[in-house]
Structures are given as structure tokens and as C-alpha cells.
Amino acid sequence: MPTTIVTAATGVMNPLIGKLTKLMGDEYKKLKGVRKEVAFLRDELSAMNAALEKLEFMENVEPNTKNWRDHVREMSYDMENCIDDFMQDIGGADANASAGFMKRMSRRLKTLRVGHRIAGQIEDLKALALEVNERRIRYKIDNCNGPVNIDPRISVIYRDAVGVVGTDGPKKEVLSLLTDTEKKLKVVSIVGFGGLGKTTLANQVYDDLEGQFECNAFIPVSQKPDMARLLNSLRLKIGINESSGICKMEDIIGQLREHLANKRYFIIVDDLWDQEAWNIIRHAFPENGNGSRVIVTTRVEDVAISTCSYHRENIYRMKPLGSEDSRRLFMNRVFGPENMCPSNYEEVLNEILKKCGGLPLAIITIASLLACRQERSRKDWENIKNSLGAQFAINPTLKEMRSILNLSYMNLPIHLRTCFLYLGMYPEDYEIMRDDLVRKWIAEGFISNLYGTNLHDVGISYFNELVNRSLIQPVITEYKGVFCKVHDMMLDLILSKCAENNFNILAYTSEDMARLRVCAYKIRRLSTGTTRETIPWTVSDSTSQLRSLVWLGYCKSIPCLSQFKYIRVLSFECPDLPGSSHLDFIAISQLFQLRYLKVSDYCYAKLPTEIRGLVHLDTLDVPNGNIPSDIEHLPCLSNLTMGGYGMLGLPERIGIMESLRTLDGFKLERSSLEALEGLGKLTNLWSLKLYHSADDECNLLEKAAKFDAFVSTICKLRNLKYLMMIGDHDDKDDILASVSDPPALIEEMYLTSWRMLGVPKWIRDLSCLHSLGLSVTETETDAITVLGGLPSLVYLLLEVVTCPKEDAVIVSKGLFPNLERLTFISEEDVTAFLGFEAEAMPKLRELNLELTAPSWGGAAPVGIEHLLALQQISFIVCCNHEESLEQVKLKGLSVFRNAVQLHSSRHSMDINCYPF
């Protein structure tokens, strides 16, 4: 793993060692007197770092070892702050070598003073490192081993199924996958979040089917399995009882294959964690044509896909329990099947179930905690509900649940653990924007581009891996991007881990903030804010070394930012509340370590007129604020969102901001021709979002020239992947027809605010395009054929003004091979003209039709039954004055239900009609 990343386990030890190495380079050759001491300090810290990384993979360590670990981690932060101060001082002293004689002499004297000071500080740091390293040797930390843990899933595997709720439907679906007439070996995967009941479901299926097979076995797999021992266990369970001296895996596999060669077998492989283990286990299962079956349960999506040999139809994805089943399971555990919940408990019961989020393990565990208490007063229930997060780490009854959820955390590599813990900066039920999260990870130093890969792309891969491991749930929205949520129970685990590692703190009340002022240790990351009141802020010793400050809520004033000398992330995500108006951010010009600044668009942010000293600033996301005059001199700025949502034009010298990768918020008409031409020089730009207006104040000739310049610029942005134009509908006719060489890598393009005569022909060349929004005056079958030929298209929003001149718009066989969601909007009734041939849109799951004028003739598109993957239809229709909303709704539902009568999924189809 890269050696420059910040982690929860090692603190900033990795970048600190890197900075010490840099101090030994030619850039700091004037510091000859301290280079030997710096080298010694680096080597001592490297030895400590190796010990910290080893301890990270031990779940339980002795108190002395834990104290040493925590002390070294905190020491690394203090040391890095010292080195950063020095580098900032010496960097300023060496700047501008062409200055006059007196200024150069002044800087040399400053360099000498700084050099003397750093020499003394290095000696202090060296003494501290020696003392800490001696403790490492004295405590024998390099030789320590964690205690052997009992697998927490054992009780789940052998738990009686009596009282289990909500598994009838899932069991029926899994049985239907297993009990078909297929004679070939079939593998079915059950995948989902830890605690959803995968093992329980597999057990129930096993009990139902084991009598139909000659050989049966249920084998749990640990995170780091001893494969020879696991295969030997399977050998015994399928009835190979004779003792054998066989110990090589290939020999055991041979014996298993020989024994199963002519038998019909049923094996459950429970809680598989990686594909490598499966690549060994699967060789024990011969393909003998006897209708044998294997179930694999896993938390990892890629493992589920791999075990099914990429037959995704053989994957069953576990879902949380619904509200009725959650309630019934809870009531059975607390009161028994015959008892009812007292009416005055209903409110707190609903809050507890909301916390559990349909997770059977959480419901059973918390219900058991309440059932075993002698006193069952409402107050007692409220106390348990309010303290669940704190109880999570210490209550014996909750220990099993924590242990099972903790398996997912312990299976993460060290860099993903840190990114995962940062999710603890957000409260329950918060939808976290993926791109914002990744940028914060980058600003904190959690991501490295050791192999030259772009940091943002690496961060996206980290996010996707957390989704893949079922640790976060993705929330995908059109236009707004990708978000994620964390289950409340997993969030409790995150917060307990954060507390163990002094990783972050949440403070959402005045009482929380009061505790921070007297806190005995230094807080590195703080999430705060409230929807009700202004939290009194005074920067104390405990908060003066913050690296991340995330403010989520009401914000009338902000703390004295100049005192956060080492801050990397400043995020003020304020809701639309009275009082969240003008905030003063002038002091950020003194925050030389700042990498990320975001201020909600509900606040006006007053920024300093000059910010060129923020040489590390990567993200400046301030939609509503003034633009600093020297913004083009920020060497590391990658993400820029400003311009007041179309109130301001592009910066005049934007062409020299070559590090920009995302640009958002500026208005096309208010930008000069020079700025629009300069935009074409940003060859690293991959995301562009601009505003425009149909009735802007510039004259028609000037406006036309600017649009021509913009179209020309688009063709120069060869790395562009995302393009959106926002504004009122503006008839652009054939303005985009002149595009001759569009950016070939573009993946998302939303141009619905530019109404064109028809679908531009050059769109057919965009083979990477997966999401598209277009507005056209008229469409026809040829245009649909152009769009249908896009091989990567997954989402299409097509807005059409008038009905086609021809008789019908037909989606032909083979078109739109990967389209999953189609939204078709029209001012006239196109439903009667729209048709789908057999084998068109084979993956379409969601069809949305919207008529914005009262012109519906009462028909549905022809051939809906040919959309074999269709799961959901939404029909939005404008009513005329002759029918009520309810009449139109009933009519719409009837028409579309009749239209899908021949569809294979008609019974489970979700059909909605929304008249307006």
C-alpha cells in the first residue's frame, strides 16, 4: 500500500516520514546541521510505524500496548504540525530570489533564524522518539499477538428458526432458483449486508432440501481460512469418515471429487469473503449432471457474481425487513407471540425500529436486551433507545451484533478502513454526496496516487469497493449524482471505532460543545451543527489542531477560523434556514494547509480578495460568494464551483488554471469571449456545468458569438466526461450541429435546456455515453435509431415538443442494448405513436412517460409486453377540465395494466399514474 497516506491506525506517520525524507533533499540543503538528526528521527519513526500497522490487524490488545499505540499516533500529528510550520516558514523565506538586495538579506536572516529554531525542535522530537521507541522495546510490542476470537456467527448457524419472521418470501425465491429441472451443477448466491439474515435463510433452505440429496454439508468460511482444514471439514461432513494422512489441498480436492462424482449433492458455503478462496473450493464440486446445488452466502457483490459464473439471475440480494415484519419480530422477542405492545410505548417502539432499519440481527439483539430486563417501563425503554450508540461497545447483550458487523470492518484493508471511518462525520440518515466525500478523503490525505492514477478516480474506486462490500448503500439520482447512506447500526460501529482511535467527534448540542472545551485530548476531526440554535463557539486547546471541521446545520456565525492553523477540510453544509445568510471567511487566507472549502449555497460567503497563499487548496466549492482576484494563481486547484449559480461569468484568465478538473456555476452569456476561448485550454477538465438564460441582457450578435466560441471550446476538451447546461428553455436550433469532433470520452451529457431541431448526428460517435438528456422539437424513428445504437447508454431523458410527422416512432429490435431507465416527456400525446418491437431495450427496468399538456388520447405505447426486464411504469399526465384528477388516475392505471397483461412480470409490475 502507498506509504504516504493518512490512516486511522497510524495517524499521519506515513506523510510525516515522507516530509522528513524531503527535508534531507536538495531543496533544503541549507540545513546541513540537522540532516543527520532528521535521518535518525525518520528511521525511529519508521520502526514505530511498522509496529502500528501490525497492531491495526489485532482486534484486542493489552492495555500497555494500546496506550503506546495511542500515544504514538497522537505524537505523529504533533510532529507533522511542527514540520509543516517549519516548511511554511522556510518556503516563504526562499521565495522570490530576484528581489532586491535588502529583501534578499532579510530573507537570508529569516532562513538562519528558522534553521536555528528547527534544529532545536528536531532535537526535541528526536528525544521524544527515542523515549517512545524504548517503550516499544520494553513492552515487546513487536512480539505481541491478539487473543484468539470465537467466530460470532456460530450462534447464528445453530440458532433455532422458531420465531424467525419475514423469511417466507425470500425462502420461496431461493427455493425457486434451486428446484428447477436443470441437471447441471448450479450455484446460487445470497448477498447482502452483515446481519440481514443470510445465514438464517440459507439454514432454512438447507432444512427444506437436504432430504432430496445424497450428500449435504454446511461449511462456514472464516475471513482468512485455512483452506486445507476447511476442505478436510467438508470431507468429514459429506461422509468420508476413514482417517487419512492426506494433507495437501490438491489431494483433498481429488478425494472430494471422487466421492461426489456420481452423487447428487447440496453444499452451503457460508460467509465467503473473497474470490481466491472460492477459486479453490469450487474445484471440489464436480459437474456430474445429477442436478447438484451449491449456495454461497457473502457480503461482497463481486464474490456473489463470481461464484455464479456471472449468471446474475442466480443471485438473491437480501433486503431489510419491512415495517410489519420488523414489528412482529420485535414483539415476539419482547412480549411473546400473544402479547401486544402497550399503547404508550408505540412512539419509542417506532423509534427503536427505525434505528434497526429492518436489520433482523439488530431487532433481535435489542429486543432481547429489553426482554431480559426486570423493569419494563417506558422510561427504561427510552433510556435504552437513547444510549444504544454508547451501549454498542460495552453492553454484553450487544456484543454478538457488534462482533458480526465488525467482521466486515476487520476484512477491510487499512486504507479503506480510514475512508470508512470518515463516514462517522455524518449523522444518521444523512445522504452523503459521493464526489464531496471523495474530495474530503483526498484533502485529508487518505488517498494516494502511487501508480500515477488520478486521485479522484482512486477515490471513486474506494467508494465503489465499500458499496461492493455492502458497507454503504448507494443512492443514485439523475443530475444530482451519486449519494450513499450508512445503516444506523453500522454507523454505531463506526463511531465506536472512531472513539477508540480518537478519529473524530460529533457535537450537535451546546452540552456537547461544553464538553469539548474541557476535553483532555486533542480533537482532530469535528462534525457539528444544529437545526435549532446557534452553538456557542470558543476555540480551546482541544480543538485548535482540527484537521476537518464539518458543519451540518444552522449557522449564523462561524468560529475564529484563523485559530485552526492545521485545518485541511472546512465544510459548512447549512440548510435553508432563516439566519444562515452572510458568513465571513476572510481568515482562510491564513490557513496554509487548507485543501477543501465548501460553503452551502444558502449562505453568502465573504472570501478574501487574495488567496494565492493557499497553495494546497484542491476544492473551492462556494456557489454564493465573491471571487478572489488572484484565483487563477492556485496551483493545486482541481474543483471550482463559484459564480452564484449563473450570476457571474468565468474568470478572465481561466485559461491558465490548468489543474482544474471540475468547473461549475458560471454563466455563459456573462463570460467574455477571451474567457470562453481560454476554457478550451483546460485539457484536464473532465466535468463542466454552466448556466445560461434565454433572455440575458447581451445582444443577439454578441450572444451568438459566445455560443459559437463555446461550441468550439467543447471540441477541444478531449478528457471531458460530464457536460451539463442549466437554464431556461432556449431554442438553439442547429447550434450543436456544427460540432465536428465531440469529446470521445464523454459519459454523461444533459442538454435539456437547449432545445434543438432534432437529435445531433454526432451523438452516434459517443460510445462511452451512459447518461443523456436531450430536448428536441421533433423526433422520428431515424433519430431513435441513432440513440439506440449507443452501446453504453443506461439512462435516457428525451423531451419532445411535437408529435412525429410519420405514423409511429418505433424502437426496433436490438436497439438500446443496455438502457435501464427511459424518461420520455412531450407537450403532445406521443403515447399512441410510440412502439416497441420484440427484443428492443432488453434491460429496460423503468419507463417514465410524461405529457405536459392535456392531450392524452387514452392509449398506451404499443408493445410494452416486449420489454421483458420492465419492473416499473410511471405515467405523469396533465388533465383537461372535463375530468377530475381521480378519474384520470384510474383511467391511466387501467390503460397501463391492460397494456402489460401479456408481460411475464405483470403481477409484480409497479404501475403509477400521477395526474396534475
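A Cβ is built for glycine as well, from the same backbone N, Cα and C atoms used for every other residue.
Note that TrEMBL annotation is computational and uncurated.
Note that the structure is predicted; figures quoted are calculated from it, not measured.
If you check TrEMBL, you get these features:
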type   : residues : note
COILED : 31-58    : coiled coil
DOMAIN : 12-94    : domain 'Disease resistance N-terminal'
DOMAIN : 171-335  : domain 'NB-ARC'
DOMAIN : 425-494  : domain 'Disease resistance protein winged helix'
DOMAIN : 545-906  : domain 'Disease resistance R13L4/SHOC-2-like LRR'
* Dominant neighbour of the domain 'Disease resistance protein winged helix' (425-494) in 12-94, 171-335, 545-906, by Cβ pairs under 8 Å -> 545-906
* Quick one: DSSP breakdown of the domain 'Disease resistance N-terminal' (12-94) into helix, strand and coil? -> 71 helix, 0 strand, 12 coil
* Mind tallying the domain 'Disease resistance protein winged helix' (425-494) by DSSP state, helix then strand then coil? => 33 helix, 12 strand, 25 coil
* Report the mean pLDDT of the predicted model across the domain 'Disease resistance N-terminal' (12-94), rounded to a whole number. => 83
